[in-house]
Amino acid sequence: MNDKQRAILLQSSSRFPPPPGVKLSYGTAGFRADASVLQSTVFRLGILAALRSLKTQSVIGLMITASHNKISDNGVKIADPSGGMLSQDWEPFADALADAPDSQHLLQLVDDFVKKENIPLEGVQSAEISLGRDTRPTGAVAVDMGILTTPQLHWMVRARNKSMKATELEYFEQLSNSFRCLIDLIPQGSAVNKMNNKLIVDGANGVGGEKLELLKKILNGLDIEIRNSGKQGVLNEGVGADYVQKEKVVPCGFGPADVGIRCASLDGDADRLVYFSVLPNANNRIDLVDGDKILSLFALFIEEQLNTLNKRDGDTENKCYRPTLGVVQTAYANGASTDYLKHSGLEVVFTKTGVKYLHQKAAEYDIGIYFEANGHGTILFSEGFLHWLDGRSSELALTSKGSGQQKAALRLLAVSKLINQAVGDALSGLLLVEAILQHMGWSIHRWNDLYHDLPSRQLKVKVVDRTAIVTENAETVVVSPLGIQEAINAETARYPRGRCFIRPSGTEDVVRVYAEATTEDAADNLANAVAQLVDQFLGGGT
Ligand SMILES: CC(=O)N[C@H]1[C@@H](OP(=O)(O)O)O[C@H](CO)[C@@H](O)[C@@H]1O
Ligand SMILES: [Mg+2]
């Protein structure tokens with residue numbers, strides 16, 4: 001850095017001193033905390049985004065959101081040139097930046113890092129950052145890309161770095177065109193019964209409902225009613241995908257009149273999606289169709305298209321390309337979903353919680369499908385496979401236009417355009433679910449019957465220091481503190497099909513307990529017993 005750059009950095013950073021005693025970390029999905037303590041963190045992440053842009057000579061995204069957290073929280077995360085999450089090897093620098101006690105330390109850190117990474121500060125190319133925010137009142141900034149869903153920003157960053165147009169209109173057009181393409185390819189006679197055609201969407205009083213209203217205007221063939229679109233009601237309060245998935249009750253604005261209708265719920269920044277249907281006479285209880293089931297539906301459809309595409313029909317060997325297909329889950333995936341996927345012959349792998357881990361793993365396959373149970377996920381297609389598929393599809397258009405094989409190729413290409421390749425996206429995921437249900441001629445109930453979830457319970461336990469818990473094996477085994485895993489095992493063994501694990505949350509100051517068993521009572525009892533163990537071993541916090 002030259003003297004002028006140093007002076008600017010010192011002067012500007014002194015305007016945003018870090019609040020004393022607050023230690024933040026990049027966590028599962030960026031920095032998150034009460035909005036009142038985040039000023040210096042957001043300022044400093046701006047520096048990181050600029051350095052990352054200079055280093056990669058690409059556009060970098062900065063998203064201001066705290067996702068499903070309560071309205072008084074906010075957060076900041078970075079989208080890399082690929083549109084994916086910030087490369088994990090820069091996270092330690094992000095942590096160090098956020099925690100630097102004063103401007104001098106900050107300057108030193110930046111200076112050292114610029115040297116270590118060889119970042120060209122004097123280059124011809126200046127840094128370019130695309131900035132997005134959700135609808136939180138603390139998210140306002142002067143110059144930005146406007147109000148966006150998190151996945152829209154990731155999509156735009158990816159598109160920009162591929163030299164494509166990257167406005168919101170292009171995003172909407174790509175989604176609606178590929179959706180239309182899938183609908184036009186539906187085999188005759190499988191259209192969903194008109195009665196079931198209506199979809200009601202809970203927009204979490206956030207940005208997703210607003211954007212879905214816009215998207216709806218250019219979509220034909222979908223009867224969508226949007227509720228909780230933010231005109232009244234508070235963001236994520238009694239609404240949204242996180243609430244619906246964790247509480248398993250109807251969100252505000254839904255009730256007995258909606259019994260049996262297909263419903264979906266987005267989270268506050270629209271990167272999560274779950275479906276549900278309201279149960280009759282059940283005290284607001286719902287049938288939840290979670291991320292695991294969305295994953296299963298996608299996997300089933302993709303497999304079906306690959307099988308059709310690879311039907312031999314006298315083709316020579318080299319026309320049949322078997323892409324590698326992998327499904328990625330976390331320990332929070334319902335055990336019944338994993339059994340179902342494995343029985344369907346799919347390769348299922350597990351990673352730690354957090355989309356950055358799932359995404360990275362899914363990218364190792366030609367087609368990688370990942371979902372967290374909470375509804376965050378997408379399908380990734382490798383460049384190599386898409387290139388082959390493009391060629392194969394053109395060839396089939398000449399040799400066997402209108403054949404099942406050609407249609408399967410076109411469907412896969414449409415899926416690769418509809419589904420957000422940068423990050424999980426509730427809007428694009430919703431359109432893919434709708435297209436597949438219409439293709440199969442399935443109601444939400446038929447879909448939900450793919451398998452039956454094992455009853456599960458999640459609890460949060462407040463402890464003095466959650467970082468005292470160290471886990472291994474995709475977070476299913478605790479290696480520290482000693483003895484607690486043995487105690488959890490002993491408790492779990494008391495329940496048929498019992499499964500239980502604990503891990504420190506990366507987004508909240510709690511330890512999470514997850515338990516699964518054959519009945520709700522058993523899952524509840526197991527979770528409660530293990531929560532007590534956590535309390536015994538780690539001491540209750542205040
Ligand atoms: C059990 C659970 O739902 N955990 C969520 C939550 O992470 P925690 O590290 O568990 O707090 O927020 C993450 C970011 O949104 C999401 O990726 C993850 O799945
Ligand atoms: Mg979110």
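Every residue, even glycine, has its Cβ placed from backbone N, Cα and C.
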- [ ] Write down the one residue from Ser53, Ser58, Ser67, Ser480 that TrEMBL lists together with Asp267, Asp269, Asp271 as binding Mg(2+).
- [x] Ser67
TODO: Could you check which of the binding-site residues Asp269, Asn374, Pro504 have their CB within less than 6 A of ligand 2?
DONE: Asp269
Task: CB contacts for Glu372 (substrate binding site) [other CB atoms within 10 A, all chains] - done: 24
- [ ] Select, from Asp267, Asp269, Asp271, Pro504, each of the binding-site residues with a Cβ positioned under 6 A from at least one atom of ligand 1; if none does, say none.
- [x] none
- [ ] Tell me whether Pro504 (substrate binding site) sits in a helix, a strand or coil according to DSSP.
- [x] strand
Open item on the list: Quick check: with Ser67, Asp267, Asp269, Asp271 left out, which same-chain residues have Cβ atoms within 8 Å of the centroid of the Mg(2+) site Cβ atoms?
Closed with: Thr65, His68, Asp134, Thr149, Thr150, Gly206, Gly208, Ala241, Leu266, Gly268, Ala270, Arg272, His376, Ala426
Open item on the list: In the three-state scheme derived from DSSP, which category covers Arg512 (substrate binding site)?
Closed with: strand
